[in-house]
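Per Swiss-Prot, the features are as follows:
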{"type": "BINDING", "residues": "Ala47, Ser48, Ala49, Gly50, Ser51, Gly52, Lys53, Thr54", "note": "ATP binding site"}
{"type": "DOMAIN", "residues": "26-482", "note": "domain 'UvrD-like helicase ATP-binding'"}
{"type": "DOMAIN", "residues": "510-800", "note": "domain 'UvrD-like helicase C-terminal'"}
Amino acid sequence: MTFKPFLTDQEIASLQIQEAQSDKKQKRTPEQIEAIYTSGTNILVSASAGSGKTFVMIERIMDKILRGVTIDQLFISTFTVKAAGELKERLEKKITEQLRLTNDTALKQFLSEQLLGLQTADIGTMDAFTQKLVTQYGYTLGISPNFRILQDKSEQDLLKNDVFDDLFTDYRTGDQAELFTKLVRNFAGNRKDSSNFRQIIYKIYDFSQATDNPQRWLLENFLKGANTYKDFSAIPEQEVKDFLNTLQETALALRDVTDLEDYKQVTAKGTPTAAYQRHLKMIEQLQDWVLHFDSLYGRDGLGKLANDIATLIPSGNDVTVAGVKYPVFRSLHSRLRGLKHLETIFKYQDQSLPLLQVLQSFTLDFSKQYLQAKMQENAFEFSDIAHFAIQILEENDAIRQLYIDKYHEVMVDEYQDNNHTQERMLELLSNGRNRFMVGDIKQSIYRFRQADPQIFNQKFKDFQEHPEHGKLILLKENFRSQSEVLDATNSVFTHLMDEAVGEILYDDTHQLVAGSSAQKIPYPQNETQVLIYDTKDQQNQDLAVEDDSNQISLGEVKLVAKEIIRLHNEEKVQFEDITLLVSSRTRNDGILQTFDDYGIPLVTDGGEQNYLKSVEVMVMLDTLRSIDNPLNDYALVALLRSPMFAFDEDDLARLALQNLPDQHKQNLYEKMENARNGQGQQVQLITEALSAKLDAFFETFLSWREFSLLNSLYDLIWKIYNDKFYYDYVGSLPKSEQRQANLYALALRADNFEKTGFKGLSRFIRMIDKILENQNDLADVEVALPKNAVTLMTIHKSKGLEFKYVFILNIDKKFSIQDMTSPLILSRQNGVGIKYIADMKEELEEKLLPTVKVSMDTLPYQLNKRELRLATLSEQMRLLYVAMTRSEKKLYLVGKGSQEKLGDQYDGKSENNHLPVADREHYLTFQDWLLAIEAAYAADELHFKTSFITDEDLTEDKMGSLEAEQAYDADNLKDNRQSDDITRALDMLEAVEKLNQHYKAAIHLPTVRTPSQIKKFYEPVMETEGVEVMQTSYQTKPKFELPQFSKKAKQDPTALGSSVHELMQRLHLSEQVSLEDILTALAELSVEENVKKAIQVDKILHFFQTSQLGKLIQANADKVYREAPFAMLQADPASGEDYVVRGIIDGYILFDNRIVLFDYKTDKFTNSQAIKERYRGQMTLYAQALSQSYNIQQVDSYLILLGGEKLEVVEI
């Protein structure tokens, strides 16, 4: 058939005009049309929040299909598995809809093929694709195709730690032992062990894994900064400019302060005040140094200039005028901190280079040995698989060319969250002019996963400045939020985000625009609100705001609860329409408790990390620790005090005194043994009741210890549950469902642990303890949640979602700057920067002390730290953008602080329509940004209102309460019309039942069926033997069987059947299939040896050598298709409804005028006719699917029967 050509630019422009003039209720925007139909070049779609990017992707894919591009010619990368599933589902609906609408037979056939190919199309995460690629071509690198993924962090840590420990020992005793010891001590801090150094190595390793070639980055970039930034001449030009700008801005800020009305410039006698003279001198001197920097100091004199400035200006940040503090010198002091010591730092910085070279060597060796350890386990991390895939494509031009030729277009969603590994993969798959990238740099919030928004940003600038490199399309229209939300968001980011801090300029290019007229209808009551809990009265109370401002206060939660009660009662807002957004999953217990107190239903996003801290799990872990090592007193006491044994304090005190007379340092377990045997020093304290408790404990405990030696962890845990009824016990406690789910999950996690290859109770306990030691936890187990409830989730989890009412909580929480205090900071460009601990004994001429250790920030460290700070602030801005753009109707931002103090904190300054760079760099909370913007700009252009809420506003009488629905009084039927309601309800139930009966077939019809399910539905009874007339009893007779050491395990027919199918798929077809070909394919199977031995190779060879079908397959090897998936619409005769049949065809030969279908069967049989009838329905479906797909009427069907005494080929 002939397909329509792709649209030209002129045709696209014409279509845009037609769309604008149409009477459609929801019109596509000109930019959406451009993004859907443009072809023949690289395209970057910058899609703002709520702009319909998924719609654009779906429409573009469908347009390509309707113009003759097959679904397997498209590579579509999504950020999550869920997103891939949703994309496939929507595409399936679109293709099915097109099938129904068209009457063109050829197009129907083509669309059916696309529907069939959808399930195996390359639509998914990059991880999924690289796994498939490495499975297929990993042999070029010597990688077995049956590798597994190391997804469990605990398993990764066990392997990492083993490799690190061995390598650490080698270096500590090797040729560079002295230098290595100095390196470890440089990062040791206050600790005396290697734990800090271990974390440094893991940090470098993880960072390098996000590059496209970790080893190359470690070799070429790791020491780049250390080798470059050795003296003043190496300081980047931009850093010098920024420093001089800070001097100029400080002088101007000081001038502004001296011009204030309340600033006292002259005395009563009319002479300048001393302060004014001093400040004037500072202003003149700072401006003179800026003006004559090159002649007075130059780049080499930066250190001297910094010291001269430090001498000139006061040590504090503020200038106080009329009681108000103005932070004039804050930015300058921040800049001086590193510069004024640079001369000294440069004297010692060279000493750090040999240490960094050892660090580089150790990290390279660790990376290689860790990979070797994973090779031995045949288990890899996702990053390993991605790098293998890159290596395969870079080293094998033929394989790469296969993919380049295959893909008409390489599409990627959420492009702003790509890392450099993923970007390299996209480059290798593309022909250089067929990439389609969709994303929004303002929503790049995964830097902690090594995502780099600069990949998007650089592409954005490149296409903007060089249109010949690709087309940039901007989707600005937002179809999600009302204008109140959009205006508030724009008013914040217009003054907050630029290239200096934010990485992009938030101008007309990025501002949100309402996409429909309905969104522009004003709702003044929905104006965005900033609600701040006033902490002025909370300083001396138990529930006071903690010094740690990261903790959400009770006052914040109460004001949110009050507003939700008002929304629910007065505006009839459903709880499910309200969402609370927080920065992290931890420390939200106060929210849960307060909402519970006020009866507001609340559900979380299920990502809390408190699993190991739940009481029932802690009890079980201590039980396992005790079984593993009874001499662990802490664990044993916890077990004894648990409900399983219920020893009280008095019992434990008596037992604690039962040491042997000559041994005073015995463990509790040994003392218990002494008491049980009557040998304790204070045996008279052991009462009869306590003795009985001891006997019962030892009987159970020893049985557990014995059981643990010969059985799995899973069985041991369930034995503990059953022996002491602990699982049933927690079922009687509050939140029983959650508690029982936690215990059940513990057993499953233990089982999964052993399935990964790690065995033994000791190793499992060690893994759990390591998780807790690193202050980590496992996610809570999900249980059924109420539907109509307020949702609490993290901002990260909310990305891509939308909610009617949104509360962003804890906006006063400080951004995490922990990475900026680390002794080592990494940069993709500059490599490593460290804090170096130098011995300054000679410099300070110290004679009494053996050493004088001083920690100094090397220049690479200072540059990396500044880069990291700006990147962190930019990411936090994007996080705020994501949070604000989740709301559809109304947005609340909630924080806390003293109204009196906050009022004096912001100076109301702005520059270039933005908050000053220095202020934006200094502020470390969302709240600071919002209040600083409010102080600097007029209220009518901000579109948000700030209110301070006091404790007086949150008294119980003002909080309100939820209006409960009144229940019917069963004893008072007057005027309540209850009988009418019951009658009406019964009538409705009767009507529903009639509908159920009428549409019974449709109700029970599944949307998707497999051929096997349909086969079973129609399958006749083959024989009467073995048919049970009555159901047999489930009670089994007691029996004892001797261990069958010499007997062979019974062969699983399913495993055998799957293996035969895989062998026939892998088998290389030629004009003459040989025994060697079959054995080669057999060797490639990733199955147990006993399964391989069960495959009857002689029958397969006989099939190809003697049967007409086997010879036909060999003669037409180029026309043979194997393991071909299909999907087909079928009408159910009972209900008249359509459903989808999906399956996989073993193989077929495609001729011009006919198709030969064949299927392998390994079923045991004596009568081939019975097998033929059993599979007739299934083969008919296969034939029907092929006939529809290729529009060929003749389909000859054959069964290849391998399960009998001899090979048979039967025609159906």
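Heads up, the Cβ atoms here are built off N, Cα and C, so glycines get one too.
Locations of recorded Swiss-Prot features on the structure.
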| residue | record | Cβ within 10 Å |
| --- | --- | --- |
| Ala47 | ATP binding site | 28 |
| Ser48 | ATP binding site | 24 |
| Ala49 | ATP binding site | 23 |
| Gly50 | ATP binding site | 22 |
| Ser51 | ATP binding site | 26 |
| Gly52 | ATP binding site | 23 |
| Lys53 | ATP binding site | 22 |
| Thr54 | ATP binding site | 16 |
(request) Excluding Ala47, Ser48, Ala49, Gly50, Ser51, Gly52, Lys53, Thr54, please set out which residues of the same chain place their CB within 8 Å of the center of the CB atoms of the ATP site, keeping sequence order. (result) Asp440, Leu475, Asn478, Phe479
(request) Work out the three-state DSSP category of Ala47 (ATP binding site). (result) strand
(request) Note the mean pLDDT of the domain 'UvrD-like helicase ATP-binding' (26-482), expressed as a whole number. (result) 93
